[in-house]
Every structure is written in structure tokens, then in C-alpha cells.
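One structure below.
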Amino acid sequence: MEPAQQPPPQPAPQGPAPPSVSPAGTPAAPPAPPAGHQVVHVRGDSETDLEALFNAVMNPKTANVPQTVPMRLRKLPDSFFKPPEPKSHSRQASTDAGTAGALTPQHVRAHSSPASLQLGAVSPGTLTASGVVSGPAAAPAAQHLRQSSFEIPDDVPLPAGWEMAKTSSGQRYFLNHNDQTTTWQDPRKAMLSQLNVPAPASPAVPQTLMNSASGPLPDGWEQAMTQDGEVYYINHKNKTTSWLDPRLDPRFAMNQRITQSAPVKQPPPLAPQSPQGGVLGGGSSNQQQQIQLQQLQMEKERLRLKQQELFRQAIRNINPSTANAPKCQELALRSQLPTLEQDGGTPNAVSSPGMSQELRTMTTNSSDPFLNSGTYHSRDESTDSGLSMSSYSIPRTPDDFLNSVDEMDTGDTISQSTLPSQQSRFPDYLEALPGTNVDLGTLEGDAMNIEGEELMPSLQEALSSEILDVESVLAATKLDKESFLTWL
């Protein structure tokens, strides 16, 4: 017999191996992927599964919800199914109103007016149930109806016909053999509350009698009561009413303390006088004040006249040949500016009434009143920026080109020696005047009015070609340390 021929070996499949089938016919779990590889599962029924989830939520009746175990069949303790017993009788649930069944809470209407608060609140007193403070002399005050929040001890005797017993859990209850009932409420609390009930109150007494320590009302005040029993006060002096007790006013209390502590001094008897003398004597204080006021006004007038005299002397010292009438008036107006501020804008005899309003306006603006304002003086535009004698301009002409003032041809012969002499004629106090800046150039004669057209030819003759050549000046080669130009 020939040996059986072996079948040729099958080549290894190139694709993934099919899942093995178990003997039961169910596919086995796929093998684990090798390390570093991920397996992505693609399911075609994902949309169907999502719809099923939404349907289970939207339509719970039609959804196949698995049956849960009933609560009774679960292993829960017995206390889970028993409701808690009422704890109104226990210490944890005790309230202040333990005798709610016997006595209902009674709230007394409190007075909304401040008049119910008497001065007895400051002094030792007690607080009644109605909220009114009464003094020591008042009737016995009623205590609060609040009950104790703790259990009454067992040694306190019970009322007749009552008996206390305890349940199996140790809770106390009470037996009433009179009517054969049981209750959780302690009858001893009702007894204590009945003892605290005040006696029937007497008819309403006016609060003035109730609090005798408050003292009498101030002069001109009266106490009254409305139909509801609320107290108010009438002030006959100014014919007003108020809820507030005037005796509670701190000003009245202070005055009352002062009058009580300080001894009362009788006024000295007045000497017999005639009817006219009596009227004058009554207003002596007013007369003294008027006399002092008149003295102050007279002193102020004397100072004003003295100041005017000083200014007139200063005007007389000015040379009449160089100071004409309009400029004297200008100086007088300048000198009167401080006086106008002190006197409230009253013009002096030197100035006219028509000028006072404009001077007052210019003074309040805190500027020079003679700069481009009014018809009294107008400063012309200056073209000699470096040669003006005004204190408002800054000379910028180099000193090298103005060696001496004599070289300028101004057309008018001006002596250099006359300028210092004229400046020396002005008093020094003119420079110290507040709010003014006396321009000496405006106070000189007409000879000092140097026109710019006459000054320009002399400047053009003195200027060199280098200073007029801007390009050569701005060149870097022309600038050195010895240059007369200073760049800022």
C-alpha cells in the first residue's frame, strides 16, 4: 500500500483572518490589536440608536422601560415607612407660647406718636405691655405673657385632678381625671400664665398725671388728646401742633437745667425817668451800636480823603510841560483804582461818573484797564520790537549793532540826560500800586513818540550783509564758538 500523499501547504492569506467560530455558532471576540494600532468600529445603526434614546425620553409610556423593584421589596429600615411623630410636647419643639390653647396671643396697639415716650424713659422705670414707660409711682406693671421654654421639674405639684405619666419612650403626658382626657400640654404652665395676667386696668388717665416726674410744660404749650387716645401738644405761640413732647427737646432741657442750677438774679430797679428818657434808655444798646458804626464810617471817610490828597500831591509834582491834562487825568484814574475797589465802585472827584462803570469792569477783569479798552487811551501797534520803552516787550536786537543811542537818526533831538531826570520825578509808590503798571513811555511828551518808519533806515544802514544772509548764517561752516548768535 502506497503511503498517502500529503497535500501541498496552503499559502498564508494576505488579508485579515476571518473570525473564528465557536462550536455554538456565535462569533468569538476579535483579537486585541497589536501595540500602537487603533481599531475604529463603524456602526451603521447609530442614527437608529439615537432616535430610540429620544423616543424613550419624549414618550415614556411607549418605551420599554425595565420594571424596577418596588419600595416595599427593597431592604429598607422600618423607620423609612413610618412618618415622624409630632414633637410639640418635646423640649426641641417647645415654643414661647406653650399655652396657645388656653390663652390666645393678644397684641396691644402701640401708639405711633412720639408723645407716648415720656421723660420717664430716662429715669428708672418699667415697660408695660402697651409700650408706655411709667415711673416708679405708676401702677404695678404687667409682665410679658412669654412662657418659659424649658420643662417644669417633676417636683412642682400638679393641679387637683391631674396626673403625669410617661410613655415607653420616656415622653411625659398628663391625665385629667376631672374630664377624663389626656394631653401633652403641662397644666402647670397654664397656672403660671394665669398668675401673670394683669388685673383689669382703670380708665385711661392723662399721661401728664401718669408721669409726674416729667415736669410742667413750657410756657405757651398745651397737652391734648385725640379721639383714639393719642397725645399731642399745642404751641399757642406760633399756633402749631406737634406729636413730640416739648419737654423732650434737648434745647428746653438745657434751658431748664440752666435756670434750675443758676441763681435767679433780680434786675436792678430802674431810676425814675421821663417818658422820653425811658424810651431812650430801652434802646441804649442799639444806640451804642449805631454810634460805633458812625465812628467807623467817619474814620473810613477820613482815610479816603487823605489818600486822595496824596494822589493830588503826586500829580502836582509832575512837570506841566511834559504832562498835559489828558495824561494827568489818566494818572489820576490809575491812582483811584484801589480806592474804587475799597469803596465799592464809588468814583472820586477827579473822575467823572461816566467812567466809573467801565473802570469797575476793567478792575474786576484783573487786567490793565488802559490796554485797547475805552476811548481815553489807545496804544498804537509798535513796529520797533526792540526799542520800545514799554515793559511789555523784550529787546532782541544784539548789543553789537546798538553801540550807542546817539548813532540813531530819529529825526528828533532827544537829550540823553533828560530821560533819567524825568524818570526821577515819578514817585516810587507808583510802581507799587496793585493792578497797575505805569508805562513811563506813555507819560512822556510827544517828543518820545518815535515812529517806526524813521527808525528803519538807521537800522538798515547798521546791519551787515552777513546777518541778512540766512543761508550763510544757517550753514554749519559759519557757526563757531565766537558767534554772536545764541540758539535757544
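Counting starts with 1 at the first residue shown.
Any Cβ shown, glycine's included, is placed from N, Cα and C.
Among the features that Swiss-Prot reports, region 'Disordered' is placed at 1-47 (among others).
Feature annotation from Swiss-Prot assigns compositional bias 'Pro residues' to 1-21.
Taken from Swiss-Prot, the feature coiled coil covers 71-85 (among others), and the record attributes it to similarity to another entry.
Secondary structure at Lys75 (N6-lactoyllysine), as computed by DSSP, is coil. Applying an 8 A CB threshold to same-chain residues 6 or more apart, the list for Lys75 (N6-lactoyllysine) is empty. Summarising the annotation, Swiss-Prot assigns N6-lactoyllysine to Lys75 and lists similarity to another entry as the type of evidence.
The region 'Disordered' annotation in Swiss-Prot covers 76-99 (among others).
The domain 'WW 1' annotation in Swiss-Prot covers 156-189. If you take every residue in the domain 'WW 1' (156-189) and average the pLDDT, you get 88.
Positions annotated as domain 'WW 2' by Swiss-Prot: 215-248.
Feature annotation from Swiss-Prot assigns region 'Disordered' to 261-293 (among others).
Residues or ranges marked as region 'Transactivation domain' in Swiss-Prot: 276-488.
The coiled coil feature in Swiss-Prot is assigned to 283-344 (among others).
The feature region 'Disordered' is assigned by Swiss-Prot to 339-393 (among others).
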Residues in the domain 'WW 1' (156-189) grouped by DSSP into helix, strand and remaining coil: 3 helix, 13 strand, 18 coil
Tally of residues which DSSP labels helix, strand or coil - the domain 'WW 2' (215-248): 3 helix, 13 strand, 18 coil
